[in-house]
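Quick look at what TrEMBL lists:
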type: TRANSMEM; residues: 20-37; note: transmembrane segment
type: TRANSMEM; residues: 44-67; note: transmembrane segment
type: TRANSMEM; residues: 73-93; note: transmembrane segment
type: TRANSMEM; residues: 114-133; note: transmembrane segment
type: TRANSMEM; residues: 148-167; note: transmembrane segment
type: TRANSMEM; residues: 188-214; note: transmembrane segment
Amino acid sequence: QDPMDFEWSYWIEWGRERILWLLAGHLLVSQVSRLLVEKYKPWCLMVYGMAACWLLLGIKGFAVILLHATISFAVAQFQLSLLTWLCSLILLSTLHIPAVEEAKRKWYDTENEYYLLLFTVSVRCLFCTSFSLEYCWHGPSQKSSHSFLWMLAYVFYYPMFHNGPLMNFDEFSKQMRRKEAFSLKTNLSILIVGIIRIFFWWCLAELMIHLMYIHALYSSASPLEAASYWALG
(Lines of atoms letter the chains of each structure in order from A and count residues from 1; the text may use other names and numbers.)
(Lines give C-alpha, C1' and ligand atoms only; values in the text may rest on other atoms or scores of the structure.)
Protein backbone atom coordinates (compact mmCIF):
# COMPACT_ATOMS: atom_id res chain seq x y z
CA GLN A 1 0.00 0.00 0.00
CA ASP A 2 1.14 3.53 -0.81
CA PRO A 3 1.91 4.94 2.67
CA MET A 4 2.07 8.56 1.44
CA ASP A 5 -1.69 9.02 0.92
CA PHE A 6 -2.32 10.87 4.18
CA GLU A 7 -5.85 12.02 3.42
CA TRP A 8 -7.28 8.58 2.57
CA SER A 9 -5.82 6.87 5.66
CA TYR A 10 -6.87 9.89 7.77
CA TRP A 11 -10.55 9.69 6.77
CA ILE A 12 -10.62 5.87 6.95
CA GLU A 13 -9.36 6.08 10.53
CA TRP A 14 -11.94 8.71 11.52
CA GLY A 15 -14.68 6.81 9.70
CA ARG A 16 -14.00 3.59 11.56
CA GLU A 17 -13.74 5.30 14.91
CA ARG A 18 -16.72 7.66 14.94
CA ILE A 19 -18.00 9.17 11.68
CA LEU A 20 -19.56 5.95 10.32
CA TRP A 21 -21.49 5.46 13.56
CA LEU A 22 -22.61 9.10 13.61
CA LEU A 23 -23.88 8.76 10.02
CA ALA A 24 -25.86 5.67 11.08
CA GLY A 25 -27.29 7.74 13.94
CA HIS A 26 -28.29 10.47 11.49
CA LEU A 27 -30.10 7.89 9.35
CA LEU A 28 -32.01 6.62 12.39
CA VAL A 29 -32.98 10.13 13.56
CA SER A 30 -34.03 11.04 10.01
CA GLN A 31 -36.36 8.05 9.64
CA VAL A 32 -37.84 8.31 13.14
CA SER A 33 -38.54 12.06 12.78
CA ARG A 34 -40.00 11.45 9.33
CA LEU A 35 -42.47 8.93 10.76
CA LEU A 36 -43.38 10.73 14.00
CA VAL A 37 -42.81 14.48 13.56
CA GLU A 38 -42.26 15.12 9.84
CA LYS A 39 -43.02 18.83 10.25
CA TYR A 40 -40.05 19.21 12.60
CA LYS A 41 -37.65 16.92 10.76
CA PRO A 42 -35.19 19.72 9.71
CA TRP A 43 -34.90 20.86 13.33
CA CYS A 44 -34.42 17.31 14.66
CA LEU A 45 -31.59 16.81 12.16
CA MET A 46 -30.14 20.23 13.05
CA VAL A 47 -30.01 19.32 16.75
CA TYR A 48 -28.45 15.94 15.90
CA GLY A 49 -25.82 17.63 13.69
CA MET A 50 -24.97 20.08 16.47
CA ALA A 51 -24.64 17.23 18.99
CA ALA A 52 -22.38 15.27 16.60
CA CYS A 53 -20.24 18.36 16.03
CA TRP A 54 -19.96 18.92 19.80
CA LEU A 55 -19.01 15.27 20.33
CA LEU A 56 -16.26 15.25 17.69
CA LEU A 57 -14.87 18.80 17.89
CA GLY A 58 -15.66 19.71 21.50
CA ILE A 59 -17.44 22.81 22.77
CA LYS A 60 -14.76 25.16 21.39
CA GLY A 61 -14.80 23.65 17.90
CA PHE A 62 -18.61 23.81 17.91
CA ALA A 63 -18.44 27.46 19.02
CA VAL A 64 -16.06 28.35 16.14
CA ILE A 65 -18.44 26.93 13.52
CA LEU A 66 -21.46 28.59 15.17
CA LEU A 67 -19.56 31.91 15.29
CA HIS A 68 -18.67 31.68 11.57
CA ALA A 69 -22.32 31.00 10.70
CA THR A 70 -23.53 33.91 12.86
CA ILE A 71 -21.03 36.36 11.30
CA SER A 72 -21.92 35.20 7.77
CA PHE A 73 -25.64 35.63 8.46
CA ALA A 74 -25.12 39.10 9.95
CA VAL A 75 -23.09 40.25 6.91
CA ALA A 76 -25.71 38.78 4.54
CA GLN A 77 -28.28 41.21 6.00
CA PHE A 78 -26.61 43.98 3.95
CA GLN A 79 -27.60 42.01 0.81
CA LEU A 80 -24.34 42.77 -0.98
CA SER A 81 -22.63 39.83 -2.72
CA LEU A 82 -19.24 41.53 -2.58
CA LEU A 83 -19.46 41.88 1.21
CA THR A 84 -20.41 38.21 1.50
CA TRP A 85 -17.35 37.14 -0.51
CA LEU A 86 -15.07 39.41 1.55
CA CYS A 87 -16.52 38.02 4.78
CA SER A 88 -15.93 34.43 3.62
CA LEU A 89 -12.34 35.16 2.57
CA ILE A 90 -11.59 36.89 5.88
CA LEU A 91 -13.07 33.98 7.87
CA LEU A 92 -10.99 31.52 5.83
CA SER A 93 -7.85 33.60 6.30
CA THR A 94 -8.17 33.29 10.09
CA LEU A 95 -7.26 29.60 9.68
CA HIS A 96 -3.74 30.69 8.65
CA ILE A 97 -3.01 33.16 11.44
CA PRO A 98 -0.19 31.50 13.47
CA ALA A 99 -1.49 32.68 16.88
CA VAL A 100 -5.00 31.39 16.13
CA GLU A 101 -3.61 28.09 14.81
CA GLU A 102 -1.55 27.63 17.97
CA ALA A 103 -4.53 28.39 20.21
CA LYS A 104 -6.74 25.87 18.37
CA ARG A 105 -4.07 23.16 18.53
CA LYS A 106 -4.06 23.46 22.33
CA TRP A 107 -7.75 22.52 22.41
CA TYR A 108 -6.95 18.96 21.30
CA ASP A 109 -4.70 16.11 22.37
CA THR A 110 -3.72 15.03 18.83
CA GLU A 111 -2.96 16.68 15.47
CA ASN A 112 -5.68 14.56 13.83
CA GLU A 113 -8.35 16.21 15.98
CA TYR A 114 -7.03 19.66 15.04
CA TYR A 115 -7.01 18.72 11.33
CA LEU A 116 -10.62 17.55 11.61
CA LEU A 117 -11.58 21.02 12.88
CA LEU A 118 -9.59 22.61 10.04
CA PHE A 119 -11.25 20.50 7.32
CA THR A 120 -14.71 20.98 8.80
CA VAL A 121 -14.45 24.76 9.20
CA SER A 122 -13.17 25.10 5.61
CA VAL A 123 -16.10 23.15 4.17
CA ARG A 124 -18.62 24.91 6.44
CA CYS A 125 -17.34 28.21 5.04
CA LEU A 126 -18.55 27.10 1.58
CA PHE A 127 -22.01 26.35 3.00
CA CYS A 128 -22.16 29.72 4.79
CA THR A 129 -21.16 31.44 1.54
CA SER A 130 -23.87 29.60 -0.42
CA PHE A 131 -26.59 30.54 2.07
CA SER A 132 -25.47 34.17 2.29
CA LEU A 133 -25.25 34.65 -1.48
CA GLU A 134 -28.71 33.20 -2.03
CA TYR A 135 -30.02 35.44 0.75
CA CYS A 136 -28.57 38.42 -1.16
CA TRP A 137 -30.07 37.34 -4.49
CA HIS A 138 -33.65 36.54 -3.37
CA GLY A 139 -36.44 39.06 -3.05
CA PRO A 140 -38.31 40.05 0.16
CA SER A 141 -41.03 37.42 -0.40
CA GLN A 142 -38.46 34.60 -0.18
CA LYS A 143 -36.63 35.92 2.88
CA SER A 144 -38.87 33.98 5.31
CA SER A 145 -37.37 30.69 4.07
CA HIS A 146 -33.86 32.09 4.67
CA SER A 147 -34.03 32.47 8.44
CA PHE A 148 -31.07 31.95 10.78
CA LEU A 149 -32.66 28.70 11.97
CA TRP A 150 -32.71 27.38 8.39
CA MET A 151 -29.08 28.42 8.00
CA LEU A 152 -28.14 26.36 11.08
CA ALA A 153 -30.12 23.37 9.75
CA TYR A 154 -28.14 23.69 6.50
CA VAL A 155 -24.71 24.25 8.07
CA PHE A 156 -25.07 21.43 10.63
CA TYR A 157 -26.60 18.84 8.28
CA TYR A 158 -24.38 15.92 9.24
CA PRO A 159 -23.93 13.79 6.06
CA MET A 160 -22.22 16.76 4.37
CA PHE A 161 -20.60 18.12 7.51
CA HIS A 162 -16.89 17.25 7.35
CA ASN A 163 -16.01 17.17 3.64
CA GLY A 164 -19.14 17.77 1.58
CA PRO A 165 -20.25 17.29 -1.08
CA LEU A 166 -21.49 20.86 -1.52
CA MET A 167 -25.22 21.34 -2.06
CA ASN A 168 -26.52 24.87 -2.45
CA PHE A 169 -29.09 26.10 0.06
CA ASP A 170 -32.04 26.32 -2.34
CA GLU A 171 -31.66 22.66 -3.30
CA PHE A 172 -31.24 21.64 0.35
CA SER A 173 -34.33 23.60 1.42
CA LYS A 174 -36.42 22.18 -1.44
CA GLN A 175 -35.50 18.60 -0.52
CA MET A 176 -36.08 19.11 3.20
CA ARG A 177 -39.53 20.65 2.65
CA ARG A 178 -40.67 18.00 0.18
CA LYS A 179 -43.19 15.58 1.69
CA GLU A 180 -42.93 11.98 0.56
CA ALA A 181 -45.08 8.99 1.39
CA PHE A 182 -43.15 6.55 3.58
CA SER A 183 -42.40 3.26 1.84
CA LEU A 184 -40.26 0.70 3.63
CA LYS A 185 -39.55 -1.16 0.38
CA THR A 186 -38.45 2.00 -1.49
CA ASN A 187 -36.34 3.30 1.40
CA LEU A 188 -34.68 -0.08 1.88
CA SER A 189 -33.84 -0.37 -1.84
CA ILE A 190 -32.36 3.18 -1.84
CA LEU A 191 -30.27 2.31 1.24
CA ILE A 192 -28.99 -0.96 -0.29
CA VAL A 193 -28.09 0.71 -3.61
CA GLY A 194 -26.31 3.50 -1.71
CA ILE A 195 -24.28 1.00 0.35
CA ILE A 196 -23.31 -0.91 -2.82
CA ARG A 197 -22.17 2.33 -4.50
CA ILE A 198 -20.07 3.38 -1.50
CA PHE A 199 -18.53 -0.11 -1.25
CA PHE A 200 -17.67 -0.11 -4.98
CA TRP A 201 -15.90 3.28 -4.88
CA TRP A 202 -14.16 2.41 -1.61
CA CYS A 203 -12.77 -0.82 -3.17
CA LEU A 204 -11.66 1.10 -6.28
CA ALA A 205 -9.83 3.69 -4.16
CA GLU A 206 -8.14 0.94 -2.10
CA LEU A 207 -7.10 -0.84 -5.32
CA MET A 208 -5.52 2.35 -6.69
CA ILE A 209 -3.61 2.94 -3.43
CA HIS A 210 -2.26 -0.64 -3.52
CA LEU A 211 -1.32 -0.68 -7.23
CA MET A 212 -0.61 2.85 -8.51
CA TYR A 213 1.48 4.60 -5.79
CA ILE A 214 0.42 8.03 -7.06
CA HIS A 215 1.28 9.93 -3.87
CA ALA A 216 4.62 8.17 -3.33
CA LEU A 217 5.63 9.03 -6.92
CA TYR A 218 4.85 12.74 -6.83
CA SER A 219 6.48 13.16 -3.44
CA SER A 220 9.82 12.01 -4.90
CA ALA A 221 11.36 13.79 -7.91
CA SER A 222 14.00 11.22 -8.93
CA PRO A 223 11.67 8.51 -10.37
CA LEU A 224 9.72 11.19 -12.26
CA GLU A 225 12.91 12.63 -13.77
CA ALA A 226 14.11 9.16 -14.79
CA ALA A 227 10.84 8.24 -16.54
CA SER A 228 10.20 8.94 -20.24
CA TYR A 229 7.41 11.26 -21.34
CA TRP A 230 5.41 8.24 -22.54
CA ALA A 231 5.74 6.59 -19.11
CA LEU A 232 4.67 9.82 -17.39
CA GLY A 233 1.71 10.10 -19.74
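Count begins at 1; order follows the chain as displayed.
Every residue, even glycine, has its Cβ placed from backbone N, Cα and C.
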Contact set, same chain, for the transmembrane segment (114-133): CB under 8 Å, 6 or more residues outside the stretch: 10, 14, 53, 56-57, 61, 64-65, 68-69, 72-73, 75-76, 81, 84-85, 87-88, 91-92, 95, 104-105, 107-108, 146, 151, 154-155, 160-164, 166, 168-169
Other parts of the chain folded back onto the transmembrane segment (44-67), taken as Cβ under 8 Å at six or more residues beyond its ends: 18-19, 22, 25-26, 29-30, 33, 37, 104, 107-108, 113, 116-117, 120-121, 124, 149, 152-153, 155-158, 161
